[in-house]
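First the structure, in the form of structure tokens, and then the observations on it.
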Amino acid sequence: APSPTTAVPYTSVKCIDIRKNHHKTKWLTPWGRNPCEKLKDFDEAVSRQIEANDIVFAVHVPLPKKEMSPWFQFMLFIMQLDIAFKMDNDLKENAEITLDVSLAYRDDEFDDWEEIAHAIEIRKLKCTFGSPKTLESEGRHYDCDFLPFMEIGSVAHKYYLINIRLPVNERKGINVGIGEIKDIRLVGIHQNGGFTKVWFAMKTFLTPSILIIMVWYWRRITLMTRAPVLLEKVIFALGISMTFINIPVEWFSIGFDWTWMLLFGDIRQGIFYAMLLSFWIIFCGEHMMDQNERNRLSGYWKQVGPIAVGSFCLFIFDMCERGVQLKNPFYSIWTTEVGTELAMAFIIVAGICLCLYFLFLCFMVFQVFRNISGKQSSLPAMSKARRLHYEGLIFRFKFLMLITLACAAMTVIFFIVSQVTEGHWKWGDITIQVNSAFFTGIYGMWNLYVFALMFLYAPSHKNYGEDQSNGDLGVNSGEELQLTTTITHVDGPTEVYKLARKEAQE
């Protein structure tokens, strides 16, 4: 697949708005049918006695002779200001710029522009000047950070128009002390259509395969005369969350203007993360031989509770950003000091917690390995056929545990990298290039892992006869029940699980 996203730079065109009262009904377009009257630079505006309030920065998306497509899925815009140094118009400390912004669309070059959103936004300017502030340095540009500008969750139309005004009101101190702005440049980021098609194809192919294995798995469990154990229920719940993230509802975004798809995708991914992290804790805990609190979800509240709290915080954070953007696409939590600190704190804390979780999981897996290895000491007493049977079981179980650790490590890395990638435009100094192989690989890995779990952990319907079981181990019938795989078994879904269970009871 091609790379997931493309960044397109746009330079705004300075249009003259000479109408009285600046009616919002008229849109100023930089080119095409009825283009606006343009200014080359602000020196021309001064010579023609055109005020700052009469200048509109217009950006047409996309560039000439191109069209936007619903396959692009979303549009994210970052703003960069070109501010020149002037002795008599210096940039103030902690300067704030007020933007009067409007967004419109049309699907035909001869149609009128239709408004999508209008807002008055304030952005903090974070600029540095590398030279001494003397007369010789006049005209040199400040080095300013990127500013978050706009995000919309669907690209349903062919053409978009952005009009930006910088209203000046000296009495109220609006746009005073922001330096001499020469240009406004935008960077538009959207998903690649080719990547979207590969992504949709994967989802469409994987959904039925996980659904089929889920039906087969649950049918296997219902055939048992005993009730499902906790591990079986959790694996089934994991399958449901995987199916939820798989269902390709994104196909509808091609025909409908569903701006909430980004938020919906985040919620789906959050539910899957919470389920996957909880599953790994319960999976290891149920195979721990020194743990007597078994087969009850209440025994895991200390481990699963923080995951639930973290997921809820993630949801609130997302609602504060993408939830508000459904009404106002120009809103960003990164625009305020408190919002930036909260967002940064959230990402850092989430990353640290995930790393600690992974270390805790490694510790649990180590304990399970140690206990299973201790259990292997009883294998030489068995007949050759039965010993080989259990050696094979234990080897497969250890292999699954190592795959679990690898899957956990990749998931933690994916979460941290995706957060940094999403945020790097807003921070301005950290850049990580993530290619499509990473996204599709992690997604495929999750599906394979869930598929393998349901396949390997479906209860066995085979019946080892009494002659095969008794005598081999020299145990009484009460202990023998712990190692058979008959349908009437009451304890657990796999023989390794039963081995562990027996040890705990002893």
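Yeah, the Cβs are placed from backbone N, Cα and C, and that goes for glycine too.
Fair warning: this is a prediction, and the values are worked out from it, not measured in the lab.
Here TrEMBL flags 13-191 as domain 'Wntless GOLD'.
What TrEMBL lists as domain 'Wntless-like transmembrane' is 192-461.
Taken from TrEMBL, the feature transmembrane segment applies to 198-218 (among others).
Packing against the transmembrane segment (230-249) from elsewhere in the chain are residues 200, 203-204, 206-207, 210-211, 213-214, 217-218, 221, 261, 264, 268-269, 271-272, 275-276, 278-279, 282-283, 286, 294-297, 446-447, 450, 453-454, 457, 459, 492-493, 497: each is 6 or more residues past its ends and has a CB under 8 Å from a CB in it. The transmembrane segment feature in TrEMBL is assigned to 230-249 (among others).
Within the same chain, residues 73-74, 151, 153-154, 230-231, 234-235, 237-238, 241-242, 244-245, 249-250, 253, 297, 300, 303-304, 307-308, 310-311, 314-315, 318-319, 322-323, 326, 357, 361, 364, 404, 408, 411, 415, 446 sit at least 6 positions outside the transmembrane segment (261-283) and bring their C-beta atoms closer than 8 Å to a C-beta of that stretch. The transmembrane segment annotation in TrEMBL covers 261-283 (among others).
Summarising the annotation, TrEMBL assigns transmembrane segment to 304-324 (among others). Sequence-remote contacts of a segment are chain residues at least 6 beyond its ends whose Cβ falls under 8 Å from one of its Cβ atoms, and for the transmembrane segment (304-324) they are 151, 153, 262-263, 266-267, 270-271, 273-274, 277-278, 281-282, 297, 331-333, 339, 342-343, 346, 350, 353.
Annotated transmembrane segment per TrEMBL: 344-372 (among others), in sequence order.
Using a Cβ-Cβ cut-off under 8 Å and counting only residues 6 or more beyond its ends in the same chain, the transmembrane segment (393-417) has close neighbours at 273, 276, 280, 283-284, 287, 350-351, 354-355, 357-358, 361-362, 365, 368-369, 372, 375-376, 432, 434, 438, 442, 445-446, 449, 452-453, 456, 494-496. The transmembrane segment annotation in TrEMBL covers 393-417 (among others).
Residues or ranges marked as transmembrane segment by TrEMBL: 437-458 (among others). Tertiary proximity for the transmembrane segment (437-458) is limited to same-chain residues at least six positions away from its ends with a CB under 8 Å from its CB atoms, namely 1, 4, 198-199, 202, 206, 209-210, 213-214, 216-217, 220-221, 231-232, 235-236, 238-239, 242, 246, 272, 276, 396, 400, 403-404, 407, 410-411, 414, 417, 493-494.
Per-residue confidence over the domain 'Wntless GOLD' (13-191) averages out at a pLDDT of 84.
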